[in-house]
Amino acid sequence: MITDLIKKRDSNRMILLRERLVCTFFGIYTFLMFSSLVYANWIKPYDFMFSPLPKIAAIVLIVGCCLSVLMRTASQSYFVYFFLIFLGLLVKQVSTLAFPLWVFVMLLMVSKVDFSKLVKVFFYVNGSLTCVTIVLGYFNLIPTFFSPRGIAPDGTVLLRQALGFNWVTLPAQVFFYLVLAYIMIKKGKLSFSALAIISGISLFLYVETNTRNPFILEILIVLIFLLLKSPLHHFLMRIFHSKLFGWTGILIFPVLTFLSVFFATIGTNGGFMKIFDHLMSGRFALAHQGVERYGISLFGKQIIFNTYRPDRPLRGSYFYLDNSYIQYLLNFGLIMLFIIILLISLALYVQYQGKKWYVLLIFILIALHSFSDPQLIYLQYSPFILIIDSVIDRVRFDFPKKVHWRMISSE
């Protein structure tokens, strides 16, 4: 049976079957991992229900990956996949989190599968779960919680709520990536009704959760797409198809990585840095503290975060690394961060060659978002890191002479 399967791997029917199987396993994994975002996950009476789900998700991912590999003809790009998985295992041993390992296993599973189909699966699964969680949380039909957001002029404490999620900022963060997924699905063509819905939900989430970064970026998205429906459409499209915009998309991740490391290294003693850090809600003071405390290593270190938790009060001084680039640098190491940023930049070069301006716009927004928040590679929030699969599958080896990276159509 296995021999027959191997012989048929290159048939169109087998390719389509594999794609459907991969999308199914990806959808199940997304469904299971969403459980880590809800508040009930932190409550002990619900522990019997939620604690097994991450392990089940890992098993689903491994089984899906094995089946996917069996149904696909092996290629030289497997050398890269297995190197990344080995690197993920190495980082797992010395770091706080094992998540890069699961990202690389996922990349192997989804190899040669249309990225836009994965985004669509994520949008429908995560979007449905997010809507249900927010509605049930808003009406207190599932466990949720509130945290202080400030003091009103009359002395009353202002609250923001988590809407069923395990932290108050999460519904806004998840919705931001759902908006980007919708832009990807619609290929940059958003209707007035879609823009109105995005605006309404963004405003609602800002009022309820007081989460600024996603709200600002979502308003920027709405303004851009409204201008695309105005007489300025052709002018904006010339900008989006220009070399300047293309190379901005390609280089924005390395540039923001460099700036993040630079700002985290110099600290916040200068006048400009004090103002900038205040605008960033103290993120770079914490980043500087992290660099001073843990240093920069090749493969990451055990980082001890001390954060607000919904199940207990803060103990001691708050410490967390919100900036994606700094969190990954300290947590996963210099080599891991370099590989992630390099592969994203190469993937965006492919998109630039394919004239997919809306993909470049999406990733420019992700790069800006990652400057303030840590969700860049976390699959519970976003499928967009999986775009680097399009780069890995272009690698060809010509032993012992050199390594080729084939530049072919982005489709």
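Cβ from N, Cα, C; glycine included.
Given the structure is predicted, the values throughout are model-derived calculations rather than measurements.
For 21-40 (among others), the entry in TrEMBL reads transmembrane segment.
The transmembrane segment annotation in TrEMBL covers 52-71 (among others).
The transmembrane segment feature in TrEMBL is assigned to 122-142 (among others). Taking Cβ pairs closer than 8 Å, the transmembrane segment (122-142) reaches residues 26-27, 30-31, 34, 37-40, 161-165, 171, 174-175, 177-178, 181-182, 185, 208, 382-383 in its own chain, all 6 or more past its ends.
Taken from TrEMBL, the feature transmembrane segment applies to 162-183 (among others).
Only residues 6 or more beyond the boundaries of the transmembrane segment (213-232), in the same chain, are considered here, and those with a CB under 8 A from a CB of the stretch are 172-173, 175-176, 179, 183, 190, 192, 195, 198-199, 202-203, 205-206, 361, 365, 368-369, 372-373. Marked as transmembrane segment by TrEMBL: 213-232 (among others).
When Cβ-Cβ distances below 8 Å are used as the criterion, the transmembrane segment (244-266) is approached by residues 273, 276, 284, 287-288, 290-291, 323, 325-326, 329, 337, 341, 344-345, 348-349, 351-352, 357, 360-361, 363-364, 367-368, 370-371 of the same chain, each at least six residues removed from its ends. What TrEMBL records for 244-266 (among others) is transmembrane segment.
Positions annotated as transmembrane segment by TrEMBL: 325-350 (among others).
Annotation comment: TrEMBL describes 357-372 (among others) as transmembrane segment.
Within its own chain, the transmembrane segment (52-71) is flanked in space by residues 2, 5-6, 9, 14, 17-18, 21-22, 25-26, 28-29, 32-33, 35-36, 102, 105-106, 108-111, which lie at least six positions past its ends and keep a Cβ under 8 Å from the stretch.
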